[in-house]
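Notes for the one structure printed next.
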Amino acid sequence: MGSSREIAVGPVAVVSLLLGTLLQNEIDHTTHPVEYLRLSFTATFFAGIAQATLGILRLGFLIDFLSHAAIVGFMAGAAITIARQQLKGFLGIHKFSMKTDIISVMNSVFDSAEHGWNWQTIVIGVFLTFLLICKLIGKKNKKLFWVLAIAPLISVVLSIFFVYITHADKKGIDIVRHIKKALTEAIAIGRTFAAMDYQIDGNKEMVALRTMNVIGSMTSCYVTTGSFSRSAVNFMAGCQTAVSNIVMSTVVFLTLMFLTPLFKLKSLILLLAWEPFLVLYSRLLRFLIAVSISFAKILLQVTRPRTATLGKIPRTTVYRNIQQYPDASKVPGILIMRVDSAIYFSNSNYVKERILRWLTDEEEQIKAADLPPIHFLIVEMSRKQFFYRLVLANPGPVVIDKLHASKFTTLIGENGIFLTAADAVVACSLKFLEEV
C-alpha cells in the first residue's frame with residue numbers, strides 16, 4: 001500500500017524502547033502482564049488511527065520539512081539511545097534502569113561497576129569485531145553485501161557454540177532459553193533511499209502504516225514501522241518492489257516455527273556498531289543547531305516576507321526593486337509594491353502593516369518634495385521563476401550576494417542569470433534549438 005520500494009517493516013529497537021518506557025510508567029509488566037500486553041496493543045491501535053488521520057487529511061507534505069540534516073540527526077539520536085541500552089547486555093548488568101535518558105543509564109552502569117559487571121559477557125562481545133569487519137567488507141564491495149547480511153547470524157551461531165562448550169550460561173551469562181513460536185521510523189527511512197532515484201508519497205506511507213498497525217493490534221502485534229537495517233539490506237540487495245517484505249515475512253515465519261530451538265544466546269550485545277555511533281554522536285550538536293536554524297529561518301520567511309517598492313526601468317516596460325536598480329523611476333501618483341511570498345493568515349497582518357508603513361513613508365517624502373499625492377496602490381505578487389538547467393530570472397539582491405559569495409555565478413556562467421523571465425525563455429529557446 002506504500003510507495004517506497006526498499007522499506008522493510010517490522011518491530012524496531014527505537015520504537016520498542018519508546019513503547020516499553022511509556023507503558024512501564026503506567027503498568028508494571030511483571031505484576032500485571034496481561035494488562036501490560038493489552039495496553040501495548042491499544043497503543044498500537046491508536047498509533048494506526050493517528051497515522052490514518054495524517055494520511056486522510058493529506059498531511060504527507062510534512063515530510064518535506066524533514067531535511068537531510070534532520071533525518072541524519074534522527075538516526076544519530078536513535079543510535080545513541082540504542083547504544084546506551086546495549087550497555088546492559090554488553091556488561092552483563094542485571095539491575096538496569098528502565099529509563100532511556102543518559103543520566104539514568106550511566107548511573108546504572110557506574111553503580112554496578114564494583115560487583116555487577118560480568119567479564120564472561122564482555123569476552124563474548126569480541127564477536128563485535130567480526131561484525132565490524134564484515135560491515136567494512138560489505139561497504140567496500142557492493143557485490144559482497146551478503147557478507148554483511150549473514151554476519152549477525154554467523155555471530156549468533158558461534159556465540160551459541162561458545163556458550164554450549166563452556167557452559168557459560170552457568171557462569172552469569174543470560175540466555176533467552178525459550179522463544180515463543182509467534183510473530184509480533186518509516187517515512188524518513190523511505191525518503192532516505194528514495195531520494196537516490198525516485199520520490200515517495202508521504203500520504204500513501206501514512207495509510208500503509210495505519211493499516212498495518214490497526215490490523216496488527218488485533219492480532220497480537222505491537223507498534224511496527226520501517227527498519228533502518230532491514231531496509232538497508234533490501235537496498236543493497238537491489239530489491240525493486242515491496243514483494244521483498246513478503247519474502248522476508250515468510251522467512252521470519254518459518255524461522256520462528258522451526259528454527260527457534262537453535263537460538264538461545266541473547267544476541268543484542270552483538271548488534272553494536274561503534275563507528276557510525278561515534279561519527280553521528282560527534283556531529284549531533286551541529287545537526288541539531290542546523291535543523292533549529294533552518295526551521296527558524298523557514299518560519300521567519302513565511303511570517304515575515306520581504307516587501308519592496310518597484311520602479312520602471314528606463315526604455316523598458318519592466319518594473320523592479322528600486323533598491324536593486326537605482327535607475328528605476330517611480331510613477332507619479334502610484335505606489336507599486338511587491339510581496340516576495342504568498343500571503344497566509346500567519347503573515348497577513350505583517351504584510352498589511354508593511355504596506356501601510358510604505359505608504360506613510362512615501363507620502364512624507366512626496367509632501368517634502370512637493371510632488372503629486374498617491375492615488376493608487378499596486379501590489380505585485382509574482383514569485384521568482386526558476387528554470388531547468390539552473391537558469392535564474394531576476395534573483396533578488398540577497399540571492400545575488402549569496403551566489404557571488406559562493407562563486408555559484410562562475411559555475412552557471414553569465415548566460416545563467418537574466419533580468420526577466422521573457423529574456424530567459426528566449427535564450428533557453430535559442431539554446432534548445434541549437435542543441436536540436
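Keep in mind that glycine also has a Cβ here, set from the backbone N, Cα and C atoms.
Matching 36-54, 207-225, 264-282 against TrEMBL, the residues noted as transmembrane segment span 36-54.
Across the domain 'STAS' (324-382), the model assigns an average pLDDT of 82. Most Cβ pairs under 8 A with the transmembrane segment (144-165) among the ranges 7-24, 36-54, 117-137 are made by 117-137. Here the transmembrane segment (36-54) has Cβ contacts under 8 Å with residues 19, 22-23, 26-29, 60, 62, 203, 206-207, 209-218, 220-224 of the same chain, all six or more residues outside its ends.
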